[in-house]
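What TrEMBL says about this protein:
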- 64-292: domain 'AB hydrolase-1' (DOMAIN)
- Ser142: active site, charge relay system (ACT_SITE)
- Asp260: active site, charge relay system (ACT_SITE)
- His287: active site, charge relay system (ACT_SITE)
Amino acid sequence: MNLARPPLACVPPPWARGAHLQTLAAQYLPNPLPDLPWQPLRLDLGDGDALALRALDGTTGVAVHLFHGLGGSVEGHYMRRLAARLHAQGHAVLAANHRGAGEGAGLARHTYHSGATADMAAVLRLGRQRFPGQLQVAVGFSISANILLLLAGRDRHLDLPDRAIAVNPPADLEACSQRLGVGFNRVYDQYFLQRLRREVQGRPGGEAARATRTLRAFDAAYTAPQAGFPTREAYYALCSCGPHLAGIQVPTVILTSRDDPFAPASDLLVRPVPPSVHLHVEATGGHMGYITRNLPDRRWLDYAVTHYLAALAAFRP
């Protein structure tokens, strides 16, 4: 699938050049966030756990499902910014917290993880019920991008979106985990770890997680056993989307950057992608950064996602 690229490239301002400045600037740049008429929803998963969701109605016939990154929630600045932009364009929006995240704290005893495709499929199924007859587009960020690609490429027997956009997926979890333990990347490692340790307090296995000092240790002590994997290595191997990209049949855009400090485009470029996938590798952007000087709000990521959303909505397989 060959879609037109966004007319504008990401051109960093002088103060946001380089992978780390891009990644950090995106987090700390001021974010004017309007209030939205969210409708809270609860999705029971059938195992005693539930997800906290938010919905916005729309008029365009397109329903966009938003899935946040590791340690995040629907309150994340990128989630709220994109939801506001989509709502202004008239699209319906369904924003999902993963198990125990954000407003879902206390609703789940089990954990979310990189292979939680069944949970994502349940959200997509709810979206079809709430927005019947509409084009269902899933947008996943970081860990959710991996889950989305794994769902579309491996678990095609589950409920799938009509279109997909995966932003900065960690396609090789082992390699990403190792990179997080090197140099300045340890800052991100500790950021993720602190947020995850707070999330799992009071849950089964949470005591083991409290003693961990790295994300790799957290995954070994908590994520892997709680998700039913014998080891961290098995979890990483079985839940990396990279080996399953060739199986994707849903029209999909993968948006990533060459200089992502721990989930670089090189992990994707070594894998064959099918005709249904449009792989966009931006020269710079860090991990979900994409701060540019050629847009008034500097947010090239929002601009690119909405560009590809329009292209996918118009695409006819």
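Cβ atoms are placed via backbone N, Cα and C, with glycine included.
Predicted automatically and left uncurated, TrEMBL annotations should be read as such.
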Near Ser142 (active site, charge relay system), how many other Cβ atoms are within 10 Å of its Cβ? 27
Excluding near sequence neighbours, so keeping only residues 6 or more apart in the same chain, what lies with its CB under 8 A of His287 (active site, charge relay system)? Ala19, Gln22, Thr23, Ser142, Asn168, Tyr188, Ser257, Asp260, Pro261, Phe262, Ala263
Within 10 Å of the Cβ of Asp260 (active site, charge relay system), how many other Cβ atoms can you find? Include all protein chains, please. 29
So what pLDDT does the domain 'AB hydrolase-1' (64-292) average out to? 97
